């Protein structure tokens, strides 16, 4: 309701895809949602014109949808100010494997991997020389 104070209301529907990586491609995801094998469609037509069950469709990554309200509140300049020039904004990182504390964390896009693992996952089990 009243998205970002615009007076515009809209509904967001979230659906879980079939799980195959190819379903990251928007038309493959649409195929999956329609109960078909998750393979990309030929384009055009584009999903904005002919999407889920033939209706105009916007496909957005849940990570993008999750950060949108904060960008609306704080502004695009705030978001672009995070990270380094030409690699700005934030990203969700899933840290797992041989780390002390596996986690999912939102961090600046340009954070070095070693710093990310040390700061949020408590480092590598047995230390970096253990790799």
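Glycine too: its Cβ is placed from the backbone N, Cα and C atoms.
Unlike curated entries, TrEMBL annotations are predicted automatically.
What TrEMBL annotates here:
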| type | residues | note |
| --- | --- | --- |
| DOMAIN | 11-67 | domain 'NADH-ubiquinone oxidoreductase 51kDa subunit FMN-binding' |
| DOMAIN | 91-130 | domain 'SLBB' |
For the domain 'NADH-ubiquinone oxidoreductase 51kDa subunit FMN-binding' (11-67), the number of residues DSSP places in helix, strand and coil: 21 helix, 0 strand, 36 coil
Composition by DSSP (helix, strand, coil) of residues within the domain 'SLBB' (91-130): 12 helix, 13 strand, 15 coil
